[in-house]
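Q: According to Swiss-Prot, the protein has these features:
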| type | residues | note |
| --- | --- | --- |
| BINDING | 19-26, 83-87, 138-141 | GTP binding site |
| BINDING | THR26 | Mg(2+) binding site |
| DOMAIN | 10-209 | domain 'tr-type G' |
| REGION | 19-26 | region 'G1' |
| REGION | 62-66 | region 'G2' |
| REGION | 83-86 | region 'G3' |
| REGION | 138-141 | region 'G4' |
Amino acid sequence: MAKEKYERTKPHVNIGTIGHVDHGKTTLTAAISKVLHDEYPDLNPEYDFNQIDAAPEEQQRGITINIAHIEYQTAKRHYAHVDCPGHADFVKNMITGAAQMDGAILVVAATDGPMAQTREHVLLAPQVGVPKILVALNKCDMVDDEELIELVEEEVRDLLDENGFDRDCPVVHTSAYGALHDDAPDHDKWVATIKELMDDVDEYIPTPVHDLDKPFLMPIEDVFTISGRGTVVTGRVERGKLPINTNVEIVGIRPTQTTTFTSIETFHKQMDECEAGDNTGLLLRGINRTDVERGQVVAAPGSVTPHTKFEGEVYVLTKDEGGRHSPFFSNYRPQFYFRTTDVTGVITLPEGVEMVQPGDHATFTVELIQPIAMEEGLTFAVREGGHTVGSGRVTKILA
């Protein structure tokens, strides 16, 4: 059966839910898609709540691990929504997911207020390029005292302010559970709050200006085989646009390969061309599943090159921000998280600098054990033992 064609009729915006484990991010995602389905049934498919937490181990533990993409539409826009994991071990996946957001809904339970992972996500958001955050104050049906809700709201606004976000952003008092379940008390009231939240998202999160004129680049997030057709790589197009049957290079980690892609899909719909901001699958001609991996990029030929040695400008997180408790020295070997993958690298501090303390802004040289498609200005996270300990950008490519 021929697949539906993807139509670009409305502005497309990538948003997502971030926040602490069990504060209701996935429930809110389900509530948004249900409320919008009920309001605009022609525009929005019905999603099963359990589909969002897709992997079996997640349902056993009740924790969202990988990233779930769903799509929905308001009257004004088409959205791709990423439900980001909230569990501390999975911040790595949050980084890959959050790098795909034009704005985020921070979900905070009114019963708890901001918790450790709320803080970590807000801290990471600017590093992974999330420009705007608004707030869903969830579980308001479980708090009788209006003053307590106001206190939590104030605390959330302070947290946003401390991390460079707008403290006067929209904050919606809601209950995702109440809006999702028809038999919940005050169901209609909570549905109205979800509509209010989406009106705020429409207004507050700006339509992104995608870099269509720059050379095409898509970081590879996943690779799989479609039997009889070939290898598909998926990811979000970072910049540029690409018509079908165009030559591309696969750059990074391994020697650069040239190939052509013969099909483009987004949300299971066929496209003739993909462009910046699209979540896309590309079918590559003559490439085996084992020839490509997450962490490489698909790029316009000659537009980006692989490098292992660079100078970086880095902010080192303090202990309170979840970073290291002690300084590090030359020959420190953490992981450097570029786009969608971790690569180990060796740090060399500049002459005259003996060590770098938590809380410092530092410049140092890094030599990676594998080449990464790199340009000046590329951002990265520094990670150790599963925790983010710093964030930085490439200031100068050395080799």
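Using the three backbone atoms N, Cα and C, a Cβ is placed for every residue, glycine included.
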Q: Within the region 'G4' (138-141), how many residues are helix, strand or coil going by DSSP?
A: 2 helix, 1 strand, 1 coil
Q: Tally every other Cβ atom lying within 10 Å of the Cβ atom of LYS25 (GTP binding site).
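A: Its Cβ shell of radius 10 Å holds 27 other Cβ atoms.
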Q: For ASP22 (GTP binding site), just give me the three-state DSSP call.
A: coil
Q: Quick one: give me the count of other CB atoms within 10 A of the CB of ASP22 (GTP binding site).
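A: ASP22 (GTP binding site): 18 neighbouring Cβ atoms within 10 Å.
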Q: At a 10 Å cut-off from the C-beta of THR26 (Mg(2+) binding site), count the other C-beta atoms across all protein chains.
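A: If we count other Cβ atoms within 10 Å of THR26 (Mg(2+) binding site), we arrive at 25.
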Q: Taking every protein chain in this structure into account, which of the binding-site residues GLY19, CYS140 has the most other Cβ atoms within 10 Å of its Cβ?
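A: Output for this query is GLY19.
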